[in-house]
Structures are given as structure tokens and as C-alpha cells.
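Peer 1: Quick one: this structure, given as C-alpha cells, is what I'll be asking you about.
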Amino acid sequence: MSLLHIAVILPLIFALIIPILYRFFKRIHLGWFVLSVPIVIFIYMLTLIKTTMSGNTVMKTLNWMPHFGMNFDLYLDGLGLLFSLLISGIGSLVVLYSIGYLSKSEQLGNFYCYLLLFMGAMLGVVLSDNVIILYLFWELTSFSSFLLISFWRERQASIYGAQKSLIITVFGGLSLLGGIILLAIPTQSFSIQYMIQHASEIQNSPFFIFAMILIMIGAFTKSAQFPFYIWLPDAMEAPTPVSAYLHSATMVKAGLYLIARMTPIFAASQGWVWTVTLVGLITLFWASLNATKQQDLKGILAFSTVSQLGMIMAMLGIGAISYHYQGDDSKIYAAAFTAAIFHLINHATFKGALFMITGAVDHSTGTRDVKKLGGLLTIMPISFTITVITALSMAGVPPFNGFLSKESFLETTFTASQANLFSVDTLGYLFPIIGIVGSVFTFVYSIKFIMHIFFGQYKPEQLPKKAHEVSILMLLSPAILATLVIVFGLFPGILTNSIIEPATSSINHTVIDDVEFHMFHGLTPAFLSTLVIYILGILLIVTFSYWVKLLQRQPGKLTFNYWYNRSANVIPNYSEKMTNSYVTDYSRNNLVIIFGALILLTFVTIFSVPFNINFKDVSPIRIFEVCIVILLLSAAFLILFAKSRLFSIIMLSAVGYAVSVLFIFFKAPDLALTQFVVESISTALFLLCFYHLPNLNRYNEKRSFQLTNALIAGGVGLSVIIIGLIAYGNRHFESISKFYQEHVYDLAHGKNMVNVILVDFRGMDTLFESSVLGIAGLAVYTMIKLRKKRQTQGNEVKNHE
């Protein structure tokens with residue numbers, strides 16, 4: 001097993017160990033044990049920077065099911081390394097922050113188990129080369145995030161948010177599964193790199209469009225893009241460390257990773273370019289607009305996260321235009337990939353810090369309601385400093401890193417509007433317009449975030465707690481991120497050669513050299529747009545109290561949340577009514593539906609698929625076989641008209657004994673003996689049960705012939721006969737019985753073929769079947785013992801009274 005595999009599996013192993021440690025080390029905060037895991041992974045990933053800088057990649061394989069093309073293949077290039085550094089680096093800071101945020105009285109064993117499970121799943125997503133393995137880790141992120149969001153499960157809002165995120169992201173996961181299966185059909189491979197190398201085969205496939213749509217749905221749901229963004233604001237009910245981790249650097253970035261990774265395959269389609277770009281821009285505008293009217297600090301950050309993800313998504317869509325050009329023209333549009341990667345890093349730094357500060361404010365004051373907050377500037381000066389740095393970076397104000405990536409975003413929108421491709425030159429003017437409007441509202445909610453908390457009147461009477469500055473443990477992580485915001489803003493070259501260029505080269509088909517970011521590069525359209533954004537943003541902030549009321553009056557029926565909640569109520573009710581229409585308490589009706597569907601399916605298949613019935617190799621029917629069958633049918637027929645339970649049991653046993661005799665004639669004496677034993681025991685058990693039944697020796701109701709029952713019974717029998725004959729006459733492969741005949745004696749050293757098959761060749765089946773019976777028996781025994789114990793206790797109470 002390689003170190004790369006260990007890096008992915010390590011969090012999953014610790015996720016199993018942590019609950020055990022929690023039981024034995026309750027005096028020490030469990031976070032100190034967990035902290036070592038992401039730090040070790042982060043240090044290991046740092047050692048791989050030189051590998052990706054030189055243009056090399058790391059490919060490691062762990063055999064799993066090689067015959068099916070299913071191996072645990074890990075592939076690390078610049079893009080995978082970038083995400084791995086974010087997952088482990090931000091993960092380390094989040095764990096450190098959680099030590100100060102969560103008290104020892106919390107269920108820390110569960111929390112860190114879920115967190116490490118999520119961390120390992122995210123590493124698996126960004127490093128897997130096998131799409132099936134990627135999908136398994138993808139769904140594991142949804143499952144583990146559900147556990148994290150619902151951590152405070154005593155809160156109804158937490159349960160609602162967790163269910164909502166699970167439903168939407170799992171829906172996207174199923175779409176992703178369909179998409180990757182359609183990708184694997186033309187290439188006959190599950191390897192992502194093989195698919196990229198043979199992208200032309202996929203593009204010529206009739207499944208290309210369907211695969212593209214399904215994969216985009218999977219990515220959009222995970223990264224909370226329009227209109228699937230509604231799960232993210234409700235997921236804010238999770239503890240703040242979860243929000244800082246999942247919703248700034250990891251889970252919501254998984255969709256961006258998928259789009260970036262699949263761009264070499266789908267960039268040839270204009271549908272990919274238009275859809276990814278427009279969905280990103282619409283998400284940017286809509287979420288930034290909604291962020292301004294939120295009354296909860298986490299609500300503001302939730303919609304701001306959706307907005308920033310939309311910006312990155314749009315840049316990935318614009319960058320795909322580069323696949324339709326060559327040389328310098330291609331590099332012009334590929335600059336959008338560079339901007340997307342840079343902003344992805346920047347967003348993780350400033351948004352992670354802002355989430356942590358929000359948690360600090362909540363921890364200090366007991367509320368996140370902006371109506372109750374204000375005037376905390378002198379009370380929480382360190383938190384104020386961190387907030388100003390990171391919020392201004394989010395607003396796109398120099399000299400912070402967010403300004404550089406925001407400028408790059410505006411440049412890409414102006415560049416894309418001039419592309420003579422896919423009719424972009426006709427409608428492309430919308431790109432910079434939407435980008436500028438979205439950036440204006442981004443500026444507004446970023447500045448208002450600072451003002452809501454630290455400026456205005458201090459209202460101690462409305463705060464559940466007396467406000468105070470939080471501990472150093474809660475300030476250290478956001479302070480580190482705020483420092484990175486400044487460093488990456490003033491010295492972006494630290495990232496360009498080591499991280500950004502290798503990551504961009506993983507997405508783009510041409511090599512990007514000499515990536516540079518500057519605070520000022522002339523009076524360009526992007527710079528002038530920035531000035532317009534500042535001016536309009538300040539005007540909107542000054543008039544905030546007037547126009548924000550209009551947004552807050554938005555009718556509920558015009559929101560996606562309204563329709564989600566309505567569907568969540570209507571669909572279960574409709575499903576229940578539909579199910580109750582055919583599933584009843586009457587077993588006979590249920591069996592009619594089940595067997596009727598079987599008969600219908602059988603005969604539809606028979607009349608739609610060509611087949612042959614071959615009677616040449618059928619053994620001749622002997623007279624004693626006919627006699628046994630007549631006896632069997634007679635016993636079964638008499639059961640229908642039996643008026644005594646005892647007679648029904650005897651006739652049912654006669655059917656079983658007749659089958660045993662047939663086994664003898666077909667040279668299977670062991671099966672016959674087994675059947676005899678089973679029938680004898682079954683008959684004895686029936687008689688014992690019969691003894692405890694009410695004393696009714698005869699049925700009072702009059703039996704009448706029911707045509708439906710007869711047709712269903714006859715249809716099932718006929719279906720089984722026809723299926724057996726078709727299967728016997730249409731064998732496309734050699735019978736497996738020959739294998740047993742050749743190897744039953746030399747491999748298993750047995751003389752009875754049936755016994756050897758059951759005990760050796762299918763020994764695991766027999767073992768598990770026996771285990772199931774044993775467990776069922778223990779369960780029945782336990783219930784009987786508990787019942788007797790309760791009856792004894794009840795009698796004792798009565799005697800005492």
C-alpha cells in the first residue's frame with residue numbers, strides 16, 4: 001500500500017478509533033488527538049509540491065476487483081494536490097478551532113468520528129482515478145455531512161437542514177452515477193485519465209449529451225448552484241467548525257472539482273460552456289442579492305458562499321472556451337482557469353475565517369441575530385481586526401487576495417464577451433454585466449457584515465450572554481487565515497508557480513507559463529468596473545434600510561424553498577395513498593398483485609424475445625414418476641377443500657414426502673433424506689402449534705371456487721414450467737455441473753457431489769444461512785425469556801399488593 005493510499009485511509013481508520021479514545025481519555029479534549037491526522041496529511045502533501053511543479057504526476061494502484069476494472073486507483077496531479085492541501089490544511093485549522101469551540105460535555109467522540117469520516121471521503125473524491133471509487137467517496141461525503149449537520153439532533157432545524165442536504169446531494173449523486181456509467185460505455189474503462197485521453201470516443205458517443213447533463217447536475221447539487229442552492233443555508237444549523245470546514249473549503253468545492261476534472265472531456269460542447277458559465281453567473285447574482293437581506297450572520301455567509309461558488313463556476317465555464325482555440329488565443333481564455341484556481345484558494349482563506357469569527361461572536365454573545373448585535377468593536381478588538389481583513393478581501397478591496405482574484409474574474413468576463421464562438425459574441429455582453437451586478441451586492445453584504453457586528457449601538461439587554469473576547473484557541477485559526485489573506489494578496493507569487501500553474505495545467509490542454517497577478521495593471525475595463533462597483537456599493541449601503549425592505553417582502557411562493565417544502569409534504573402523502581391502494585392488510589390481495597406482476601412479466605418477455613424449446617435431450621417420463629406426480633397433485637388439491645386443520649397438515653406433509661420420493665427417483669438420496677427430515681420436523685411443529693390454537697376443529701365458512709385464485713395459481717405454475725423449458729433449451733454457456741463432476745473428487749475429496757457442493761464449493765452460503773437461522777433462533781429465545789421474566793415480575797407485584 002502506497003503513502004498516497006495511507007493518506008486517504010488514515011482519517012477513516014482514526015474515525016473508528018476516536019470513539020474508543022473518547023471513552024478512556026475524557027479528561028483530555030479529544031481534538032488534540034484528532035489534530036495530528038490532518039497535520040500529518042498536510043505535511044505529506046507539501047512534500048509532493050515539487051513533483052507537480054515539475055509537471056509530473058503520482059499514480060498508485062491497489063488491486064480490488066481487477067477483472068471488472070475496479071481497483072483503488074489514486075491519481076495526484078496539480079489539481080488533486082491543490083484540493084488535498086485545502087482539505088488537510090483547512091481541516092487542521094478547523095480541528096484546532098473546535099477545541100476551543102466545543103466543550104468536553106459535547107459528544108466529541110461522535111463529532112470527530114464524523115469529521116474524520118468526511119475528511120477521508122473528500123480526499124478520496126479528489127484523488128480517485130476510478131470513477132466508481134470516486135462515486136463511493138462522493139456519497140460518503142453526503143452521508144458524513146448529514147451526520148455533521150444533524151450533530152445537534154435535539155434541534156428540529158438541524159434535522160431539517162440535514163435531511164434537506166442529504167436529499168438534494170444524494171439526488172445529485174445518483175445523477176453522477178448515471179453520468180459516469182454512460183462515460184464508461186464508449187471507453188470500456190472506469191479510469192478518469194483514460195477517459196480524458198480518449199475523449200474523442202466519448203464525444204462521438206450517442207450518450208455524450210446525456211452523460212454531460214447528468215454530471216453537471218451532480219456537480220451543481222454538490223456546489224449549491226442555482227437552483228439547487230437551497231440546501232446550503234439550512235445546513236448552517238451545524239456547529240460552526242462544520243460550517244467553516246464543509247462550506248468554505250471542502251464539500252461545496254467537490255462540485256467545482258468535478259467540473260474542473262471533467263472539462264477536458266466536455267469542453268468541446270457548446271452546451272458545457274454556456275450551461276456552466278450561465279449557471280455560475282446566475283448563482284453569483286441571485287445568491288449575492290439574497291445575502292443582503294439575511295438577518296442571521298451564518299445566513300449571510302451561507303448565501304455569500306453560494307455566490308462565490310457561482311463566481312468560480314462561471315470562470316471554469318469561460319475557461320472551457322480555450323479548448324476551441326490554439327496558441328496565444330487559447331491562453332487568453334485559459335486565464336479563466338487560473339483565476340478560478342486562485343479564487344478557490346482565496347475563498348477558502350477568507351470564508352473559513354469569517355465562519356470562525358461568526359462562531360466566536362455566537363459563542364461570546366449567545367446570538368447571531370444582526371438585530372441584536374452591534375457595538376462590539378471595543379469589546380472584541382481582535383475579532384474585529386480579523387473580520388475587517390477577511391470581509392474586505394471578500395468584498396474585493398485591495399491589498400487583500402480577494403481583490404486580485406475578483407479583478408481576474410472581471411477580466412475573464414470581458415474577454416469571454418468577445419469570443420467569436422457559440423454565439424457568445426451576441427449574448428456575451430451579459431457576462432460582465434451580471435458579474436458586475438453580482439460583485440456590487442457582494443461588496444454590500446461584505447461591508448454590512450462588519451457593520452452588523454462591530455458598529456452601531458451596543459445592546460447588552462438583548463444579548464443572552466455578556467459579550468467578551470473569546471479564547472486564544474478560537475482566535476488562532478482565523479488569525480492564521482487572515483494572515484494568509486494578506487500574504488497571498490501582497491505576494492501572490494508564492495502560489496503561482498507552486499500551486500496555481502500545476503493545477504491549471506491539469507484542467508487546460510495547453511501549458512500555462514508565467515502566471516502573474518498585480519494590484520494595478522492599468523486603466524483596464526476590469527479596473528474601471530471595480531471603481532463602479534465601489535461607488536454603487538457605497539450608495540446601496542447608505543440607502544440600505546430603504547431597499548432591503550423590498551427584498552424581504554418577497555412572496556414565499558416565489559422561492560425555491562416554498563416549492564421544496566410543498567413537494568416534501570405532497571409527495572409522501574401521495575405515495576402513501578398510492579401504496580395503500582394496492583398494499584392492504586389482506587395477504588391474498590398482496591399475493592395477487594405480486595404473482596400477477598410475475599405472470600405478466602414472464603409472458604411479456606416470452607412474446608418479445610425469441611427462444612427455443614428443445615425436447616431432444618429431455619429424459620423419458622416413467623410410469624412411477626407419473627404416479628408420484630398424480631399423488632402430489634391430489635394431496636395439493638385436497639388441501640383446498642379441507643375442512644379440518646389436522647387434515648390440511650397431513651395433506652401438506654404428503655406433498656413434501658412425494659417430493660422426497662421424486663428426489664430418490666432422480667438419484668439424489670441425500671436430498672431425499674434431508675427432505676424427509678424437514679417434512680417430519682415441520683409436521684411435528686405444525687401439530688404443536690395446532691395444539692395451542694383455539695378449539696375450532698372445522699371451518700364454519702363455506703368455501704367457494706374463486707376464479708382469480710385459480711388463474712393466478714395456474715399462471716404461476718405455467719410461468720415456472722415455461723421458464724424452466726426455455727432455460728433448458730437456450731443454454732449459451734457450458735453447464736457448471738461438468739465443473740463439479742471434474743473437480744468434486746480431486747479438490748474436495750468427497751464422493752457425494754451434492755454434499756460437496758453444499759459444504760465446500762458453496763460453504764460460505766451454507767455457513768451464512770446457518771448463521772441466519774441461529775441468530776433468528778436466539779432472537780426468538782430471547783423474546784420468550786423476556787416475556788417470561790416480565791410475567792414473573794408482574795406476578796410478584798400483584799402478590800406484593
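Each residue, glycine too, has its Cβ placed from N, Cα and C.
Copied straight from Swiss-Prot:
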- 30-49: transmembrane segment (TRANSMEM)
- 79-101: transmembrane segment (TRANSMEM)
- 131-153: transmembrane segment (TRANSMEM)
- 208-230: transmembrane segment (TRANSMEM)
- 243-265: transmembrane segment (TRANSMEM)
- 302-324: transmembrane segment (TRANSMEM)
- 373-395: transmembrane segment (TRANSMEM)
- 472-494: transmembrane segment (TRANSMEM)
- 589-611: transmembrane segment (TRANSMEM)
- 646-668: transmembrane segment (TRANSMEM)
- 672-694: transmembrane segment (TRANSMEM)
- 707-729: transmembrane segment (TRANSMEM)
Peer 1: For the transmembrane segment (707-729) and the transmembrane segment (589-611), does the number of C-beta pairs under 8 Å, pairs 6 or more apart in sequence, reach 3 or more?
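Peer 2: Contact confirmed: at least 3 Cβ pairs fall under 8 Å.
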Peer 1: How about long-range neighbours of the transmembrane segment (472-494): same chain, 6 or more residues beyond its ends, C-beta under 8 Å?
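Peer 2: Result: 93-94, 96-97, 99-101, 342, 345-346, 349-350, 352-354, 356-357, 359-360, 363, 382-383, 385-386, 389-390, 393, 398-404, 516-517.
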Peer 1: As a test: from 302-324, 589-611, 646-668, pick the stretch that has the greatest number of Cβ pairs under 8 Å with the transmembrane segment (208-230).
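Peer 2: Looking at each of 302-324, 589-611, 646-668 in turn, the most contacts to the transmembrane segment (208-230) are made by 302-324.
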Peer 1: For the transmembrane segment (589-611), give me same-chain residues lying six or more residues beyond its boundaries with a C-beta closer than 8 angstroms to one of its C-beta atoms, as numbers and ranges.
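Peer 2: Long-range Cβ neighbours of the transmembrane segment (589-611): 582-583, 708, 712, 715-716, 719, 722-723, 726, 729-730.
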Peer 1: Same chain only, please: residues at least 6 beyond the ends of the transmembrane segment (646-668) with a C-beta under 8 Å from a C-beta of the stretch. Say none if there are none.
Peer 2: 622, 624-625, 628-629, 631-632, 635-636, 638-639, 675-676, 678-679, 682-683, 686-687, 690, 697, 754
